[in-house]
Each structure stands twice: as C-alpha cells, then as structure tokens.
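S.K.: First the structure, which I've put down as structure tokens, then a few questions once you've had a look.
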Amino acid sequence: MWRWIRQQLGFDPPHQSDTRTIYVANRFPQNGLYTPQKFIDNRIISSKYTVWNFVPKNLFEQFRRVANFYFLIIFLVQLMIDTPTSPVTSGLPLFFVITVTAIKQGYEDWLRHNSDNEVNGAPVYVVRSGGLVKTRSKNIRVGDIVRIAKDEIFPADLVLLSSDRLDGSCHVTTASLDGETNLKTHVAVPETALLQTVANLDTLVAVIECQQPEADLYRFMGRMIITQQMEEIVRPLGPESLLLRGARLKNTKEIFGVAVYTGMETKMALNYKSKSQKRSAVEKSMNTFLIIYLVILISEAVISTILKYTWQAEEKWDEPWYNQKTEHQRNSSKILRFISDFLAFLVLYNFIIPISLYVTVEMQKFLGSFFIGWDLDLYHEESDQKAQVNTSDLNEELGQVEYVFTDKTGTLTENEMQFRECSINGMKYQEINGRLVPEGPTPDSSEGNLSYLSSLSHLNNLSHLTTSSSFRTSPENETELIKEHDLFFKAVSLCHTVQISNVQTDCTGDGPWQSNLAPSQLEYYASSPDEKALVEAAARIGIVFIGNSEETMEVKTLGKLERYKLLHILEFDSDRRRMSVIVQAPSGEKLLFAKGAESSILPKCIGGEIEKTRIHVDEFALKGLRTLCIAYRKFTSKEYEEIDKRIFEARTALQQREEKLAAVFQFIEKDLILLGATAVEDRLQDKVRETIEALRMAGIKVWVLTGDKHETAVSVSLSCGHFHRTMNILELINQKSDSECAEQLRQLARRITEDHVIQHGLVVDGTSLSLALREHEKLFMEVCRNCSAVLCCRMAPLQKAKVIRLIKISPEKPITLAVGDGANDVSMIQEAHVGIGIMGKEGRQAARNSDYAIARFKFLSKLLFVHGHFYYIRIATLVQYFFYKNVCFITPQFLYQFYCLFSQQTLYDSVYLTLYNICFTSLPILIYSLLEQHVDPHVLQNKPTLYRDISKNRLLSIKTFLYWTILGFSHAFIFFFGSYLLIGKDTSLLGNGQMFGNWTFGTLVFTVMVITVTVKMALETHFWTWINHLVTWGSIIFYFVFSLFYGGILWPFLGSQNMYFVFIQLLSSGSAWFAIILMVVTCLFLDIIKKVFDRHLHPTSTEKAQLTETNAGIKCLDSMCCFPEGEAACASVGRMLERVIGRCSPTHISRSWSASDPFYTNDRSILTLSTMDSSTC
C-alpha cells in the first residue's frame, strides 16, 4: 500500500519495461487479458515554470546560490536581533538582485511558453473512425495514424506506413535536427506500403513493438507484427522506418505514419541541450576571492566584538547614563551577548561582500555574448552562417586557452572530396587534366601487367572527369577498361548510401527510377562526401548510378541499363570502419561489396593484389589523400540462405539487437577478394596554416586528433603548418605491448633531452595511445608537454575525449579547447573546458553540443585573440573593481568603531548603504565590462603574442588581487583620516560657527568615496564612447542631485530625518570642497604614479601596443612618447594621459594600418613600432 502511494505521488516510479507495445490506430484487442500502457501526450514543454510554481521554484533556485543565501541570512539576523542598521539596507539590495534575476528568467520562460503554444497548436490530420480528422498537434496520441503532406514538418516520431509511391518510400530532410541538408530516404514495410488511402489503412491490423525512447537520432529498433488473413507477418523496423519530429517531408506528395513517440519522449525533445555546467577559471577565482573576503569580514567582526568587551571590562569606562542596561540584561548570558554583538558587527560590515557582483557578472555575460553573433568577421557568406553562442558562461575562458585539440576532416579541411587516384588490381590510375590515365607499374609488377599497360594507350581518350554534376557516358574505346575492371566500378556504384534527386522536377512518380533522364539531370546527395565523390567519379567514367528503392538499385553501364536487387545493407559503424551491401546481379549471382578503411578491409581479404594495393594506399596517404579499400565476395545459394536467416533474426531482435547485428556482420564480412583502393582529396580550408601559426605564436599548443591513417595525417599536418619541415618529428606508432611502448617512450624522452632542437613534434596512433594511457600516463605526458605539436591518428571518439581529460588533470591544469565538426567529435567537445563546433557538412551534432559554433576554422583566431582577450580583460577588471570599491565602502565603517567605542553606530545613512552598489557605482563598471577595448582589435588579431599577456589567469592572480585589495584599504584610510583631519576636534568650518556632526562626517567620507571609485573606473577605461561618458560622469552628477533632493526635504514616511539639510550644509563649506578635491587627487595620484613607472620601466607587450595608437600631436615610436617640435601646453597633460590610459578617445584617435605595419609581421620576439603620421597639438 505504501509503495502504491509513493508511486502515485511520483516518488517511486513503477518499473518501466525495456520495450513498448503500440496498437496501430489504437485498435486494442477485444478479448483476452490486456493491460494498456500509458504514454504521454504530444505537448512539447521547453518552459521551466508555470504561473503557479514560478515564485517558489525561482526563489528556491536563486537561494541555492551561496551569495544570495548569505545575504538572506544577514537579512534575517537584522530582523531577529537589534542591529545597527535597518533591515532595509540588506533587504532592498537583495530584493533588487532577486527581482532582476527573476524578471530576466521569467521573460525568457514566457518566450518559451509562446514558442511551445505555437508548436503545440499547429493543425494536423489524424485518421480516426475511418476518416481524416483535423486536430491540433498536442492532441496526437501514441498509436494514431497521421497524414503529412509535402513540405510539412512531422509533429511526432512516426513509423512510416505508406506514401504516394508504390514502393512506400519518401524523402525527408533533417536539417533542423542534425544540420544535414541532403535528402534521406525512408521506406515502409512492403505489407503497409500499398495502403495509400484512408479506407485501406482502416483495414490495417498491426502491432508495433519497439524500444523505449532514447536521444540517439540514428538508433531505432523495433518490429511490426501485421495480421493478414489470420496470419501474423513479422517485419523488422530500423532507423530507415522512423520519421523524426522536426524533420520535413520533401519530394513526396503525402505519407501516412503511426505515432510511436510523442511530446517530450520524441528524439528531438530528448536532444534538448541543457545549459552547460562548465565553470570558467574566472568564476573559480571569484569564488576564492569571496572566501577570502568572508574571512576578512568574520575577522573584522570578531576583532570588533573582542575590543568592545575589552573596553567594557575596564572599570574606568562606565556605562553612559543614556545606555544603562536593565537588571535582566546584566544577568543575561555573556555568551549569548557575545554572539548577539558578533552578529551585529557582521551585519554592520557585511557590505564588504558585493551582493550585486553576481547579477552584474550574469548581465555582462548575457549581454556580451551578443557581440560574437553580431561580428561580421565571424560571418561566412557562402553558407550564410554566423557565429553562435550556446552558453555565455565561458566568454572569458576564450582568453585563457593553452591547448587546442582539433579534428582534421571538415575542421582543418573543407570536407569537399575530389576524386584524384585509384588502384585497381594492383595498377594505379590518376586524374591528369581531368582524364583517368595509368601510372607506371610498381617495382614488383609482372610482365603481364607491363604488357597490359602498353595495350591501354588509348586511355588518353577517356571521358573528362569534372567536379560538376554533368556526367558523360564513356566512348566506345573505354569499353575494354570498364569490362576489365567491371567489378571494381560496380562496387563503387553500388556500395554506398547515396541518394539521388531530379534537379528539374520533383520525384513524385511511382518509384525512384530516373532511367529516362539524362545524366546531366541527376544530382547526388550523400551524408558522406567521400561516397558522393566516388559515385560521381564512376558516373563520369561511364557507370552511372540512376537510383534505388528498398529492393532494387539501377545502374547504367556504358548506356546499358542494369538492375541489381538490393538484398541487404550492412550499415557503416565506427567500430567496424566499413560498410557493405549484398546484391543480386541480373545474372542471379549474389555478391557482397565492401568498402572501408584499409585497416578494416585488408585483414579480411584472402585474395587480390593485397601487397601492391597496400603500397599504393601508403603512397596515396603520403600525398595527403583519403583512402578507401574495396573488396567483394560471392555467395552460393546455401551460404546466402544462412546469411539471410541470421540477418533476419538479428534485425527482428528487440534485446541486444546491435550486438547481434555486429556478430552477424563479422561473420559475413570475411574471406574477401580485394578489388582495389580509391584516393580522394580533401582541400584545406582557407587560412588554416595562418591560424595554426597564430595559435602557436600566442603560446597555444595545437594537437590534431584524427581517425585517418598515419601517412595521411602526417601529410596534412605538414601542409597545414601543424608540423614544420625543420621540426624534429618523433613517432610512437605500431606498438604491440606495454613493455615495447614504455621503452619507446623512454627513448623519446631521452631524444628530447639530448637533441639540441627548439621544437619537437609527436605522432602517435590509436593503438599505441591505448597502451601508453594504460600504464604509462606520466611518461607519455612528459613527452607530450615537451612537444610543440602533437598528432594523434587512428583515434576513436572516446580516445579523443580521454586525451583531453588527461591534459586537463595534469599538474599544470591548463585550459583546453576542442574544435570539431562531426558526431564523432562531440565527446571531446564536451570534455574540453571550451567546446567549439564547426558548422560543416557532417551535420550539426558538434555545433549543437558545443559552447560556441563557427563556420570556419580560421574564425578561431578572432574568437580567441579578440573576443577572448576583451572578455577576459573586462570581467577580470569587473571582479577586482567590485571587491576594491566594497573595501573602500566598509573599511571606514570599521575604522569608525574605534572612535565610537564599538557601539555599532553606523557611519553612513541607511539609504546610502542601500544605494551604493545598486545606483551610485554600478553602471560605469557594467558599461566598461561590455564596451572596453584596451587595444585595437586589429592589433590583437595580427599580433598573437599579446595573448600571452593574459594567459594563465594572470589578471586574477593573488598578486593582482592583493594589489587591488591594498589599494582599496589605502584609499579607505585616506577617505576616513582625511575627513577626520579636516573636521578635527572642536573645529568649525561653517560661517555660522556650527560644527560638523556625525552624519556630516559620514556624508563627507561617502562623497569622496563615490567620486574616487568612479574616477578610478575612468582611469581604467581605455576606450571611451558617449555611453561611457554618460554613465561615468552621470553617476557622479546623479549622486549629487539625489543627495540634494534626499536631504532637502522632510520625508514623512521615514522614521528618522538624520540627513535633513546635511548635504546642503556640507556643500556650503569651502573647506569641504577643498578636502574632497584633495582627497580624490591624493588617492588617485599614487595609482597614476605606479602606472607611469610600470609602463616606463616594465611595459608589457599590450602596453607597447597601446602606444601605437596616437592622439593628435603624439607620435609613438617606442615605449617612450615623443612629441613634435613646438609642443603646446597640452603636451604634458597628453603625455600623462598616454602614460596612464594608453589609448585616447575614439573621436580624436588616428590609426594607420597597412601591410607594412609591424603587427602584420611574423616577428615572435620583439615589437618594432612604425612611425605614424602626427599633427600638431
């Protein structure tokens, strides 16, 4: 009973079966024991809140943040005990932070609600009661038969029942799911394919058994049990039968499908990506600083409490007559009184912890992330793709990268394959001037091969090979070549998953056949660019793939139409690294054609020119070409019957289907006869070499992680500049055992130590890497850390992630960045501190799972060197400045207790306590953190060495933290004691002889403080816009206007009128004005002097770069500023500003960028500054 109650409440959900049973059209059995399964409805819910739970749920989430919870505790303490400040002083800022965050999150959730309502309310047609019924998407139930028309989006995950084609096929595009723009073909089972009308579907009696929902877009296992004439027919269902929600129907008039997954159980919904939980180095530093300041806060409270009781213990200090304690108070527990006073001091000093820091940082990250998407330099016009920010929490981490791990294919290369060469039966052919011609024989070629080559001199007349879709059939003199290598070309034309589309008219006939079309009217689509390149090459030679259906593939060989019955497709997977098809030739012969990596095909071969082909494959790889080996096998009728039976059993299995299929595939793909190999070229992307060189100059180590073979990977690394010709290349490949691997690693470590070479490169393959990581991680890491570039080839996806994790947890704890474009790169993208997805041709899995997405690898340089640099500088200054201004704020409060005998009297008015962080000092730092550009973006991008100035979290080091903290304490001492010396003892500064009181003294300290911290922000600003001027000087003006207004009126709703006429009285004193100016100048003068001497004696590369940007009349030749002859009086001021700020207002600045500029050179050591045009002051 108790378990049932817990299940009903949702605490103990009932055990869920591994499979679900779906009755098509919801025709449930009328007799027998049947328990219907419960399925969710088809509503999509991306929102987090409802009207009823928004307030409690949002408050709970916000108070899980330590800082918010801390200030809540402070507020409750103020309510419970007698504290020196009003609860409003803590409650109002906390309320402001909570409210701003709640409004932001509420607005975002409201947008999600609107989006959900639009999707859930979309009209759909469902087959019910023998007719089509129009309803809304949210009303679709599991088991409903849904009709979808051309160009409509599937509202749920549907199993295809039929289409307007006789073979039951349809074309869809999944661009919105995985970004693949090619058309994919889905097929219905033969028994339902003929049910093309509502009336026919009404007679269908079928049950679908399939797996429970999972997020993998490409995985689906099930079976359909169809009852016809009291006989049950079982058909397997796979990914080719499933139409995913979010995909769009193309080139097909209409289809019918049965809903198997609905609502939040669809694959699209299960792939909704939650916000990244990665934490940046800045956030970790900020939390460390918070802990340090919390220790300072507790220390100040403890010291004040102890000193208070020490003073009270002295007999000469009697209680004042106005503060006499009652008998009950005197007899109360000293421990309780100590705790009460400690809490009161804690409340008094609590503003040293900046409550508004978190909300400011959150706003800065959110608003700042838009600049990446708006950057036209990161926009790729050809593909119409702009940079995307999937998480704004890591903006500043882009400025701290020390290691870049990159995929090769589609990331460094274009992933646009061009057929270049091939090896057929031990003979090489290459494309020269667009024609396929034979190369010379291999050294061990037989005489027969030589004579054969001499007899093929007519090959110069082969049809022209182009990269367009215009294919020409071969002339008659090519017949001999094609007949001689018939099986090779047939394998290329049949062993693939390429789809075909008529580019002139939609394919909406009874089948897929395009045999009546000219080859120029055909357009191929493929998820693999390699397959498309090979099929196009075969078509240009004269064997044209025309189309396919579920059971047939059609090929034109020299104009003659041939139809092959497609028996089975053995799909590609990353473990086997190959794919195969089993076809029945027109002669009735049953053949298997296999295609895959040389390491997966050659070990399975027992015949053919294996050694010659292996040599050719290595030669292709040395040229940087991608290679595939092609083989075949013939089956006898008995062998095929056994294979067909095993495949059917594996495909219809609901449990462990993938493992069973893998075992069957291994059984089938053996005893192959090698036909040859192909080589296609994948061109490097634009400016890849320059980008890698820039990363190296910035002090970033680049690792290439690829699945390609060793020779191909090394060749591409050399061509893209990852390896230099002068670099000492070390190799850790083909290791067979742990001991052999360990010995090789020790030899490499000795070579690195002994070789007097500046740079080393390391090549390691996947097998050797597994051995190295198993027992010798430390030795392997020692070798890697001493190499400038590392290339890992033959890598599996999980190996890529493991390598990155190994670097992440190394003693140096470097910041890592992974960049890739394919689904096999997702694991390493998620493992790295920062994941970059390339929006390439292998889908959008990488882009969807990344933190940032860009269209080209070359954009990485600006993303890191400009945006990363700016974001880090901005947020590092923001964090330090917040702690600095709060130290300035609270330290006078602490010092004041020594003069009021620790009576917990507050120095500032409660309104000032409340508004200091919210209104008076918040906007200048926020605008700075959004707009600051301490160096021109062109300089940062073209001088990558400047990136080193901010590496290793340098601006948030303990040294820098202590500087800002000490600066805050020193300024606070000047505020307090400067004001104290001004007022003095029994000194009258007013014309009527009155003296300043407690509130006037506190207001004077507060006024100097507001002006000083605001001007300090102005000194840190290098890039001035009208917005900076508005918020900087406007904040000071607002403070004065507010204080005059607040102190000039008696406010009836205030309990006390402490500030009435105080500010006006303060400003009426000339001495006060003089003191304010003197203290502000004194505070900032020390800071200015330090900046001047630092820039003069120890200028950083960034500070030198700042001096290349000239103000009117200033010519910057080196780290010293020189002025033209006849300098005017403003020169000294200009010199000082140039020393302090480094850059001037953009309204006066004059930049001169040209190809001869030093920032366009590759100088790695020194910065040579060019002469720039100057004008008189």
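Every residue gets a Cβ built from N, Cα and C, even glycine.
As annotated in Swiss-Prot:
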type     : residues                                                                                                       : note
TOPO_DOM : 1-55                                                                                                           : topological domain 'Cytoplasmic'
TRANSMEM : 56-77                                                                                                          : transmembrane segment
TOPO_DOM : 78-82                                                                                                          : topological domain 'Extracellular'
TRANSMEM : 83-104                                                                                                         : transmembrane segment
TOPO_DOM : 105-289                                                                                                        : topological domain 'Cytoplasmic'
TRANSMEM : 290-311                                                                                                        : transmembrane segment
TOPO_DOM : 312-341                                                                                                        : topological domain 'Extracellular'
TRANSMEM : 342-359                                                                                                        : transmembrane segment
TOPO_DOM : 360-876                                                                                                        : topological domain 'Cytoplasmic'
ACT_SITE : Asp407                                                                                                         : active site, 4-aspartylphosphate intermediate
BINDING  : Asp407, Thr409, Asp821, Asp825                                                                                 : Mg(2+) binding site
BINDING  : Asp407, Lys408, Thr409, Glu531, Phe572, Lys595, Arg626, Thr706, Gly707, Asp708, Arg794, Lys800, Asn824, Asp825 : ATP binding site
TRANSMEM : 877-898                                                                                                        : transmembrane segment
TOPO_DOM : 899-910                                                                                                        : topological domain 'Extracellular'
TRANSMEM : 911-930                                                                                                        : transmembrane segment
TOPO_DOM : 931-960                                                                                                        : topological domain 'Cytoplasmic'
TRANSMEM : 961-982                                                                                                        : transmembrane segment
TOPO_DOM : 983-997                                                                                                        : topological domain 'Extracellular'
TRANSMEM : 998-1020                                                                                                       : transmembrane segment
TOPO_DOM : 1021-1025                                                                                                      : topological domain 'Cytoplasmic'
TRANSMEM : 1026-1047                                                                                                      : transmembrane segment
TOPO_DOM : 1048-1065                                                                                                      : topological domain 'Extracellular'
TRANSMEM : 1066-1090                                                                                                      : transmembrane segment
TOPO_DOM : 1091-1177                                                                                                      : topological domain 'Cytoplasmic'
MOD_RES  : Ser1154                                                                                                        : phosphoserine
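Tell me about the surroundings of these features in the structure.
M.R.: Taken as a whole, the topological domain 'Cytoplasmic' (1-55) shows an average pLDDT of 74 in this prediction.
Within the chain, the topological domain 'Extracellular' (78-82) has long-range Cβ neighbours (under 8 A, six or more residues past its boundaries) at 89-91, 340, 343-344, 347.
Counting same-chain residues at least six beyond the ends of the transmembrane segment (290-311), those with a Cβ under 8 angstroms from any Cβ of the stretch are 66-67, 317, 338, 341-342, 345-346, 348-350, 352-353, 883, 886, 894, 897-898, 901-902, 961.
Residues 65, 67-68, 70-71, 74, 77-78, 81-85, 90, 93-94, 96-97, 100-101, 286, 290, 293-294, 296-298, 300-302, 304-305, 879, 882-883, 885-887, 889-890, 893-894, 897, 904, 906, 913, 916-918, 922 of the same chain lie 6+ residues outside the transmembrane segment (342-359) yet bring a C-beta within less than 8 angstroms of a C-beta in it.
When Cβ atoms from all protein chains are considered, those within 10 Å of Asp407 (active site, 4-aspartylphosphate intermediate) total 28, not counting its own. Secondary structure at Asp407 (active site, 4-aspartylphosphate intermediate), as computed by DSSP, is coil.
Residues within less than 8 Å, Cβ to Cβ, of Arg794 (ATP binding site) and separated from it by at least 6 positions along the same chain comprise Ser599, Gly707, Asp708, Lys709, His710, Asp765, Gly766, Thr767. DSSP assigns Arg794 (ATP binding site) to coil, not to a helix or a strand.
Here the transmembrane segment (911-930) has long-range neighbours at 85, 88-89, 92-93, 96, 351, 354-356, 360, 363-364, 367-368, 874-875, 877-878, 881-882, 885-886, 889, 1003, 1006, 1010, 1013-1014, 1017-1018, 1020-1021, 1027-1028, 1031-1032, 1034-1035, 1038-1039, 1042, 1046, 1059, meaning same-chain residues at least 6 beyond its ends whose C-beta is under 8 angstroms from one of its own.
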S.K.: Tell me if the transmembrane segment (56-77) touches the transmembrane segment (961-982). I count contact as 3 or more CB pairs below 8 A, with pairs 6 or more residues apart.
M.R.: no
S.K.: If you count other CB atoms within 10 A of each CB, which of Thr409, Asn824 wins among these binding-site residues?
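M.R.: Sorting the candidates by Cβ neighbours within 10 Å, the top entry is Thr409.
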S.K.: Take the C-beta pairs under 8 A between the transmembrane segment (998-1020) and each of 56-77, 83-104, 877-898, 1026-1047, 1066-1090. Which stretch has the highest count?
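M.R.: Looking only at 56-77, 83-104, 877-898, 1026-1047, 1066-1090, the most contacts with the transmembrane segment (998-1020) come from 1066-1090.
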S.K.: Is the transmembrane segment (877-898) packed against any residues at least 6 beyond its ends, judged by a Cβ distance under 8 Å, and which are they?
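M.R.: Sequence-distant neighbours of the transmembrane segment (877-898): 282, 285-286, 289, 293, 300, 304, 307, 345, 348-349, 351-354, 356-357, 360-361, 364, 904-908, 916-917, 921, 925, 928-929, 932, 955-956, 960-961, 964-965, 967-969, 971-973, 975-977, 1002, 1005, 1009, 1012-1013, 1016-1017, 1020.
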S.K.: Provide, as an integer number of angstrom, the distance between the C-alpha atoms of Asp821 (Mg(2+) binding site) and Asp407 (active site, 4-aspartylphosphate intermediate).
M.R.: 8
S.K.: According to DSSP, collapsed to three classes, what secondary structure does Asp825 (Mg(2+) binding site) have?
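M.R.: Helix, per DSSP.
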S.K.: Phe572 (ATP binding site) to Thr409 (Mg(2+) binding site): how many Å between their Cα atoms?
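M.R.: Between the alpha carbons of Phe572 (ATP binding site) and Thr409 (Mg(2+) binding site) there are 18 Å.
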S.K.: Based on Cα distances to Asp407 (active site, 4-aspartylphosphate intermediate), point out the closest of the binding-site residues Arg626, Asn824, Asp825.
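M.R.: So, of the listed binding-site residues, the one sitting closest to Asp407 (active site, 4-aspartylphosphate intermediate) is Asp825.
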S.K.: May I ask for the residues of the chain that lie six or more residues beyond the transmembrane segment (83-104) and have a Cβ under 8 Å from a Cβ within it?
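M.R.: Answer is 58-59, 62, 68, 71-72, 74-75, 77, 343-344, 347-348, 350, 355-356, 358-359, 362-363, 366, 904-906, 910, 913-914, 917-918.
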S.K.: Six or more residues out from either end of the transmembrane segment (1026-1047), which same-chain residues have a Cβ under 8 Å from its Cβ atoms?
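M.R.: The answer is 911, 915, 919-921, 923-924, 926-928, 931, 1003, 1007, 1010-1011, 1014, 1017-1018, 1059-1064, 1067.
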S.K.: Can you tell me how many other Cβ atoms are located within 10 Å of the Cβ belonging to Gly707 (ATP binding site)?
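M.R.: For Gly707 (ATP binding site), the count of other Cβ atoms within 10 Å is 22.
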